[in-house]
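Feature annotations, reproduced from Swiss-Prot:
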{"type": "BINDING", "residues": "His14, His16, Lys98, Asp258", "note": "Zn(2+) 1 binding site"}
{"type": "BINDING", "residues": "Lys98, His137, His180", "note": "Zn(2+) 2 binding site"}
{"type": "MOD_RES", "residues": "Lys98", "note": "N6-carboxylysine"}
Amino acid sequence: MVQEIDLGLTCDMHVHVREGAMCELVTPKIRDGGVSIAYIMPNLQPPITTLDRVIEYKKTLQKLAPKTTFLMSFYLSKDLTPDLIHEAAQQHAIRGVKCYPAGVTTNSAAGVDPNDFSAFYPIFKAMQEENLVLNLHGEKPSVHDGDKEPIHVLNAEEAFLPALKKLHNDFPNLKIILEHCTSESAIKTIEDINKNVKKATDVKVAATLTAHHLFLTIDDWAGNPVNFCKPVAKLPNDKKALVKAAVSGKPYFFFGSDSAPHPVQNKANYEGVCAGVYSQSFAIPYIAQVFEEQNALENLKGFVSDFGISFYEVKDSEVASSDKAILFKKEQVIPQVISDGKDISIIPFKAGDKLSWSVRWEPR
């Protein structure tokens, strides 16, 4: 029985750390959860769309967690220009641009219309030239009236997939990630796009998978706001497809937690519950539990390290710390609440449950 695994430089390619007191609480927890490299989301208020702001935000994060490597991103909006994309890339200020369809998730009001991306094609062209990554929140906004086919939380991701395929056809060398996949149809689409891929360096379109979507179905959030997120967890067949993809060892599926902290009072509303699951403090142990249950621990390093590093082309010279993550057998109990002892309290994913694995850090 495996008791210890050297995971090397682990990476979580979809992380929310917010601002202010919440940021101060959760940013150091990235390393606590066994993650070395974190790709940071730009959906602050207002969104990150300027060079000065993304540089300042990274400085703030680096001060809070000096041993964590932060990869930064812009928020896709009309404020971006091709010249800004080129400048930010050449200054190594960003690794990608995140696309939020307007209104589908937290702080997405400034997002774009996913029915027509043509206005942003000059941006995508500049990104392709700079080898930047386009990160897609792959959902269409809900539509419940008129003669149009209804779109709702259970089919919003599937409705978005034709837009993903069109973007790839129009920009075949642009690196694209369908973030936090939740559906069997999304997994099939990513596999179809990659049917001729032989190795990790060939991947142009990838998908991130979260920890919580490998555990949850619709029944788990319908009566529990702590498990409510966007995109929502779906049906048992969808979860089965996600788990199969995660443990497959295919280089176009890798880890992005979409860990999204909210103050406990914002998750306890009877109306307007904030979407987001907080998983950062135990990120790698959650994933290890799934891989162990699937008898696939030999593929864990690819999912939480190698494939993400390859897709984002992270070099050793860029990392803040070369320490390696060692996963080892040691039971731990997830606390009911994580707090700064002052004003901020958050409920972690699977609060009160036991995990079989822990993480420590060792020099490489």
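Each residue's number is its place along the chain shown, starting with 1.
Note that Cβ sites are derived from N, Cα and C of the backbone, with glycine treated the same way.
Mapped onto this structure are the features recorded in Swiss-Prot.
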{"residue": "His14", "record": "Zn(2+) 1 binding site", "DSSP (3 states)": "strand"}
{"residue": "Lys98", "record": "Zn(2+) 1 binding site", "DSSP (3 states)": "strand"}
{"residue": "His137", "record": "Zn(2+) 2 binding site", "DSSP (3 states)": "coil"}
{"residue": "His180", "record": "Zn(2+) 2 binding site", "DSSP (3 states)": "coil"}
{"residue": "Asp258", "record": "Zn(2+) 1 binding site", "DSSP (3 states)": "coil"}
How many Å separate the Cα atoms of Lys98 (Zn(2+) 1 binding site) and His137 (Zn(2+) 2 binding site)?
8
How many neighbouring Cβ atoms, not counting its own, are there within 10 Å of the Cβ of Lys98 (Zn(2+) 1 binding site)?
26
State which of the following binding-site residues has the fewest other Cβ atoms within 10 Å around its Cβ: His137, His180.
His137
Could you state the whole-number distance in Å separating the C-alpha atoms of His180 (Zn(2+) 2 binding site) and His14 (Zn(2+) 1 binding site)?
8
For the recorded Zn(2+) 1 site formed by His14, His16, Lys98, Asp258, name the remaining residues of the chain with Cβ within 8 Å of the site's Cβ center, in chain order.
Val15, Tyr39, Met41, Asn43, Asn135, Glu179, His180, Gly256, Ser257, Ser259, Ala260
Protein Cβ atoms within 10 Å of Asp258 (Zn(2+) 1 binding site), excluding its own:
26
About how far apart, in whole Å, are the alpha carbons (Cα) of His14 (Zn(2+) 1 binding site) and His137 (Zn(2+) 2 binding site)?
11
How many other Cβ atoms sit within 10 Å of the Cβ of His16 (Zn(2+) 1 binding site)?
24
